[in-house]
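Features of the protein shown, as given by Swiss-Prot:
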type	residues	note
DOMAIN	104-287	domain 'ATP-grasp'
BINDING	LYS141, GLU178, PHE179, ASP187, ARG211, SER212, ASN213	ATP binding site
BINDING	ASP248, GLU260	Mg(2+) 1 binding site
BINDING	ASP248, GLU260	Mn(2+) 1 binding site
BINDING	GLU260, ASN262	Mn(2+) 2 binding site
BINDING	GLU260, ASN262	Mg(2+) 2 binding site
Amino acid sequence: MKIAILSRNAKLYSTRRLIEAAEERGHEVRVIDALRCYMNISSNHPQVHYKGEVLDGFDAIIPRIGASITFYGTAVLRQFEMMGVYPLNESVAISRSRDKLRSLQLLSRRGVGLPVTGFAHSPDDVNDLLETVGGAPVVIKLLEGTQGVGVVLADTHSAAESVIQAFNGLKANILVQEFIKEARGADLRCFVIGGKVVASMKRQAKDGEFRSNLHQGGSASLVRITPEERATAVRAAKIMGLNVCGVDLLRSNHGPVVMEVNSSPGIEGIETATQKDIASQIIAFIEKNAKPHNTKTRGKG
């Protein structure tokens with residue numbers, strides 16, 4: 001097969017591993033920077049151009065789209081879908097998962113365990129907002145944050161008020177969530193491929209930190225998850241419509257709660273912690289499922 005990888009950096013671990021795995025299995029691979037693509041929006045012959053040439057003949061495309069380029073990256077991916085190229089994850093599913101509020105609303109509607117969450121822009125009554133999530137301590141997040149950036153733990157009511165007021169000055173949308181103290185600064189990353197959890201790891205925040213993201217200095221280790229945690233991760237992936245994703249869970253006193261569903265999960269941490277060949281499993285999934293126009297939305301977005 002001829003496989004495209006939408007990635008801005010061919011040297012990143014995840015991109016390199018996907019290239020290696022695909023080539024080892026006899027496929028032709030090309031890395032494409034989504035921001036350098038330009039498109040011909042045509043009803044009878046949609047095209048993607050790149051560095052002066054028309055990109056065609058691809059059987060599948062693997063989107064590795066960073067959060068900062070979600071809008072343009074998904075537009076490029078959607079164009080490939082319209083051309084009949086099989087996407088590992090569909091553009092509409094990526095857009096859905098990148099919208100933190102929409103994700104939480106969809107998951108809550110289907111009864112998936114979540115932390116108690118408030119959503120606000122410029123709340124008139126901060127006290128009432130804090131009371132709706134059970135009061136301090138709370139975690140306050142910028143809606144557009146990623147990799148633990150724009151996430152603050154407010155231990156007291158006054159600290160929470162100060163953080164919310166500061167975020168108000170940014171004219172930003174915020175999420176205010178209950179702090180799951182019993183998680184002790186750890187979360188679970190469940191790596192889902194094709195409706196199955198193929199690997200899982202525990203991420204532990206460094207001392208004095210509550211964010212367990214590896215980008216924030218957290219450490220990763222192998223973990224055995226419970227059947228309930230496994231089922232929760234699979235359901236979350238299905239609700240988001242993602243074939244491949246990382247589902248982040250916290251162990252709370254009332255069962256597993258979903259913190260995030262990541263449509264472009266890093267491979268390095270999970271492969272290192274579990275010693276599993278995740279990249280090859282992703283390529284194997286593509287081999288099994290890649291057919292022209294094989295998307296739920298039929299490339300309609």
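Keep in mind that glycine also has a Cβ here, set from the backbone N, Cα and C atoms.
Sequence-distant contacts of ASN262 (Mn(2+) 2 binding site), defined by Cβ-Cβ distance under 8 angstroms and a gap of at least six in the same chain, are SER97, CYS245, GLY246, VAL247, ASP248. GLU260 (Mg(2+) 1 binding site) falls within a strand segment according to DSSP. Comparing GLU178 (ATP binding site) with GLU260 (Mg(2+) 1 binding site), their Cα atoms are 15 Å apart once rounded. Counting Cβ atoms from all protein chains shown, LYS141 (ATP binding site) has 23 others lying within 10 Å of its own Cβ.
Taking only the Cα positions, the spacing between GLU260 (Mg(2+) 1 binding site) and ASP187 (ATP binding site) is 11 angstrom. Mean predicted confidence for the domain 'ATP-grasp' (104-287): the pLDDT average there is 91.
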